[in-house]
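So the structure is just underneath, and the comments pick up after that.
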């Protein structure tokens, strides 16, 4: 009965959010868009807080509400303006979020379980790199491009911190496992810039070992979405690879 209630509440909440994003939210953003500046920023932040609070009040979660608020804002024609307006607030909250994760860490516990931590990190990184490489390769891109994307996206996402915190609060994860998974996620994010810088060397090694073929025709491949706060990497990265479609220039 409880599951049915939660599922029904979630379905109604998502349906209402979808309808509101195409009507009320779009009209409100269109009304305040010409004014811009601080007013647009305050309205955007207030909108996200209201949706997050509504989700919590309905018995769902504040994280789900915040995520839905972002999706609703992105469904309007003012996505770029909204992103620009919340950029300063996003940076502040991202810094606070990562600082709070650092305060939860127990360095002594992680040091005592360093072997398990490094082993878990290796398994997760290799598995995710392999999966991302196969996914990109299945779209017809070259092995070089697929491997570049796989290495660049091998880290565990920051949203894992939110999921782990919620699971720990609900008693679904034991304390020791919670700390180990937090450490694994944090180390994968810390190692991401190093892995990114080692990508050219890894590609040269793969080419020397004849794991990838020499590719003549090249095109620029952009990876967009790196966060300067948290990921530690640049906003964009480029690699050179052959187009999967020979007809393309």
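Going from the start of the chain as shown, residues are counted 1 onward.
Each residue, glycine too, has its Cβ placed from N, Cα and C.
Keep in mind that this is a model prediction, so the values were computed, not measured.
What TrEMBL annotates here:
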- 3-196: domain 'Cation/H+ exchanger transmembrane' (DOMAIN)
- 228-249: region 'Disordered' (REGION)
- 1-19: signal peptide (SIGNAL)
- 42-71: transmembrane segment (TRANSMEM)
- 92-110: transmembrane segment (TRANSMEM)
- 116-135: transmembrane segment (TRANSMEM)
- 147-165: transmembrane segment (TRANSMEM)
- 177-196: transmembrane segment (TRANSMEM)
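By the Cβ criterion (under 8 Å, sequence separation of 6 or more), the transmembrane segment (177-196) is in contact with the transmembrane segment (92-110), since 3+ such pairs are found. For the transmembrane segment (92-110), the most Cβ-contacting stretch among 42-71, 116-135, 147-165 is 147-165 (pairs under 8 Å).
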